[in-house]
Amino acid sequence: MEEVRVFPLSCVVQKYAWGKVGLDSEVAKLVVSGDPLAVIEEDKPYAELWMGAHPKGDAVIRDNRISQKTLGQWIADHPGCLGSKVKDTFQGQLPFLFKVLSVNIALSIQAHPNRELAARLHTQFPEHYPDSNHKPEMAIALTPFEGLCGFRPVEEIGGFLKKVPEFHALVGNEAAEELQSIVGDPLRVPGALKKCFSRMMNCEKKVFVNQLNTLVKRVSEEAAAGKDITGSNGELLLRLHSQFPGDIGCFSIYFLNMVKLEPGEAMFLGANEPHAYLFGDCIECMACSDNTVRAGLTPKYIDVNTLCEMLSYTPAPASSKIFPVSRDPCDPFLFMYDPPVPDFTVMKIQVPASVKQYTVSPIDSASILLVVQGEATGASTAGLSEMSIKSGSVLFISASESVSVHITSPTGMLLFRACCLL
């Protein structure tokens, strides 16, 4: 019998505390839409859907013609499915992890190490850094999405140092004056910025809690009196403090850009880029790793020294953090998010209601296809059988396989596809 090379997956849900609750979560909506027998608990968070072969969340194969239970097992037995270049470059492993995230409260202030640092951290502290891989990642908004990403321009940070005395107190006069004196001298900016950020992050707990309480009290009183609190970034401050009271991460809003993505917009987070997702639903794709260095807005292990040493202290405006999407010249419905790393590329396929037939093209890489909206029947190249696919369906597509999609829903389809284009 001919080998099955395209098949549906049942994917792992992670119920982290920061996730949106019940059917407010896009993750929960996709799960129940893809599997009507799935039970969604209205009071539980549904934070992440993991689509891939990561050991902490290996997808289950939903095709009774296949003897292997999980995607990881199947790839190990059929490494050729990855495509020859991917198989050789990534030692027979699927190089990416594809996710949907539904964020209700802020994730930690964090960054991901490059390969060299990841290997060192994993050797020294395997309990905190579980593998030796880097973890560049891309977030593509499904709903309006907010996150902190990268250092603000020095002029903006300097403005907050003037307007927010509690922030100035944590950074200290010397570091603050140095930062403000080097505007226009790009060679000295990273060192001065590192000094300011490190001073704040290493501040004695008693000191920063007192300053934070003073700041929150002042901003709350100003807001209650109807005063403008934008000069102290007051709205975001009060929101983060309500989620993580007494946390040093509340002050990070004066260093990091607030980035707002509309659906379809993306941000790419390379190694050593400080960031924190704040709210919304997104597609996320990353190198297959779980390495995260955290330093605030979290009850998890905090590694301030490593974070302060590793960060990229390169200020840039928030607008520069929105990652460009390109349209495929041969397919009017295909949009490419192609980051500057080899591990993954994401494609968005938006098929309008007027089109009833679409082919998911063959490529020289294994890929994972997620249906976000719409219904269709799908048939692979081998044509062994038709599959019904709809919102929440996840398919694994082996390298060089195409899927012919006959669309049955009246509203068109929205699909996302993760792959590795070497």
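Keep in mind that glycine also has a Cβ here, set from the backbone N, Cα and C atoms.
TrEMBL annotations: computationally assigned, not manually curated.
Quick look at what TrEMBL lists:
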- R294: active site (ACT_SITE)
- Q110, H112, E137, H275: Zn(2+) binding site (BINDING)
- 6-154: domain 'Phosphomannose isomerase type I catalytic' (DOMAIN)
- 170-256: domain 'Phosphomannose isomerase type I helical insertion' (DOMAIN)
- 336-377: domain 'Phosphomannose isomerase type I C-terminal' (DOMAIN)
Quiz item: Can you tell me how far the Cα of H275 (Zn(2+) binding site) sits from the Cα of R294 (active site), in Å?
Solution: 10
Quiz item: Using Cα coordinates, what distance in whole Å links Q110 (Zn(2+) binding site) and R294 (active site)?
Solution: 4
Self-check item: Cα-to-Cα gap, R294 (active site) vs H112 (Zn(2+) binding site), nearest whole Å
Solution: 9
Self-check item: Local confidence of the domain 'Phosphomannose isomerase type I catalytic' (6-154) - pLDDT mean
Solution: 95
Quiz item: Who sits close to E137 (Zn(2+) binding site): which same-chain residues at least 6 apart have their Cβ under 8 Å from its Cβ?
Solution: H112, F268, L269, E284, C285, M286, A287
Exercise. For the domain 'Phosphomannose isomerase type I helical insertion' (170-256), jot down how many residues DSSP puts in helix, in strand and in coil.
Key: 64 helix, 1 strand, 22 coil
Quiz item: Within 8 Å of the Cβ centre of Q110, H112, E137, H275, which other residues of the chain have their Cβ, at the recorded Zn(2+) site?
Solution: A111, K135, L269, E273, T292
Quiz item: Taking the Cβ of H112 (Zn(2+) binding site) as the centre, how many other Cβ atoms fall within a 10 Å radius?
Solution: 25
